[in-house]
Amino acid sequence: MLHKKETNDTFVQLNRSPSTGEQKSSGIWSSIKDSFKPALPQDKLTGVDDIPDRELTDIERININAANSNLQRKLKTRHLQMIAIGSSIGTGLFVGTGGALSTGGPAAIVLAWAISAISVFMTMQGLGELAVAFPVSGGFNLYASKFLEPGIGFAVGWNYFLQFFVLLPLELVAGAITIKYWNASINSDVFVIIFWFVVLVITMLGVRWYGEAELVFCTIKVIAVIGFIILGIVLICGGGPNHEFIGGKYWREPGPFANSFKGFASSLITAAFSFGGTEMIALTASESSNVRHALPKAIKQVFWRIVIFYLGSIIMIATLVPYNDKRLLGSSSVDVTASPFTIAIVNGGIKGLPSVINAVILISVLSVGNASVYATSRTLNSLAEQGMAPKWTGYIDRAGRPLFAILITNVFGLFALIAADNEKQVVAFNWLLALSGLSSIFTWMSINLSHIRFRRAMKVQNRSLTELPFVAQSGVWGSYFGLTLNILYLIAQFYIGLFPVGGKPNAYDFFLAYLGVPVILASWIGYKIWKRDWTLFIRAKDIDLDTGRINVDLDLLQQEIAEEKAQLAEKPFYIRIYRFWC
């Protein structure tokens, strides 16, 4: 049974400082210096009050450490909602869609993004249910250890860490290339350093400033996407400077599909990867000031982001840009000149706006770089708390920053200085990306499986869903559906890796596309050998459903939910529909 706890203000009193005269001036520097000291203990989540006086098992220690994290809850509702909306609106949408259009054609990319959107929505619903009930450090990384078994948590956690660890220098390179849109003679290294310093400052200011920065970045991205959709409708209807009615012109010629089924499979993989980062909302749960109300709203925002921002943009791109446009050929995740957003505006005869779109792409690059440091540092901190990474990497200072994890990630970002200019180093960089290339798919699969096992444990242990502050709208079957689609992604990636579009089968392309599979298997097997633990999964009756749970008075919770339902029942049907999705 869960119990409501009294708030302990002891540490609030300790942090108060004099505010008069010279004391205020010296107090600022003292506060900065003191902020790097070890964190003060935080209030515990439920399930950790009565620790048995015996040697703990690995899974018990993992659950208890995650529930006692010293990360600070400073993210507000506005931060979570914008992070949920904008966490994956980046170069994957603004640039990566160009390559998918060239490979698959307009119908293929619309279908691919629609299928991926459904998959992500189902997965995020299950993740939301877990994250609201268990707002612990590490999020889905911890859920894999808690509801599946620690070996899977180890493999998924380290692969997720590596994915975003390598992403920071990639985004810095993308930022430098974006600048060259205006002046090709500019030295890339100068802007790599500038962008790196901006990311360093934001991430070192703490989680609250990360939230504020993302609020600004995401607002700009959202405005840009909505503006592009409106502009796209105008251009399609012939309202542009060229006064040419486009309609379904490019769907008829050159046609709806390119490269038949193989092109569609390739587009499906690109679509899935473009949603990478959506799951990051779960990492914010342990630093949210109001998990009970803020996180469900943020999770529901996924629906609107998918429908409006992604599918809306994809339909505009598919209608305004022919898939055989030569500017799309050879497009990559960092080549902004191949952005279908830019091409669509240029084709429409509009001057000036391409520079605006590229400025938005530049902001997206900074946003994703900023988010990559956040994801990497929190994941590494969680792994350290679980005993799966060196203990010192989990150091949290008094400002609530996983300090060493942040510094490690930012220092590695300087690898972009090498990757920006040296072709041989770029090859090595691509192989580093390949190591974790399928990390998002594995992470989503672990979320699906964790939710399925959580629901199974609830049933076996005779626990009611009324205990949960938030219940997935898609239920447990949504997680089964998401798991099935994620398995299909792996099959499609294997197929495309073995038989690449427009090329002959070769070992280089195959391993570049599928290296993530043997890497994650090796990680899992390595953990088993290291721990000498050959348990394949935790039995449902043995899954700990209490440690790390949010502090909730169950009677009060059920009363609040009943009152909310009663009030909603009195509203018009359109309000009820809105509240269901928002």
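Cβ coordinates come from backbone N, Cα and C, glycine included.
For the residues ASN15, ASN462, the entry in Swiss-Prot flags N-linked glycosylation site at a single position: ASN462.
Cβ neighbour count for ASN183 (N-linked glycosylation site) (all protein chains, 10 Å cutoff from its Cβ): 7. Here the transmembrane segment (481-501) sits against the transmembrane segment (263-283); at least 3 CB pairs are under 8 Å, leaving out pairs fewer than 6 apart in sequence.
Taking the Cα of ASN183 (N-linked glycosylation site) as the reference point, the closest of the glycosylation sites ASN370, ASN448, ASN462 is ASN370.
Taking a C-beta cut-off of under 8 angstroms and a sequence separation of 6 or more, ASN448 (N-linked glycosylation site) has the following same-chain neighbours: THR123, GLY126, SER479, TYR480, GLY482, LEU483, ASN486. When Cβ-Cβ distances below 8 Å are used as the criterion, the transmembrane segment (120-142) is approached by residues 45, 62, 66-67, 69, 71, 153, 156-157, 160, 275, 278-279, 281-283, 285-286, 288, 291-292, 295-296, 299, 302-303, 306, 378-379, 381-383, 385-386, 443-444, 446-448, 450-452, 454, 467-474, 476, 478-479, 481-482, 486, 548-550 of the same chain, each at least six residues removed from its ends. ASN183 (N-linked glycosylation site) falls within neither a helix nor a strand when secondary structure is assigned with DSSP, and so counts as coil.
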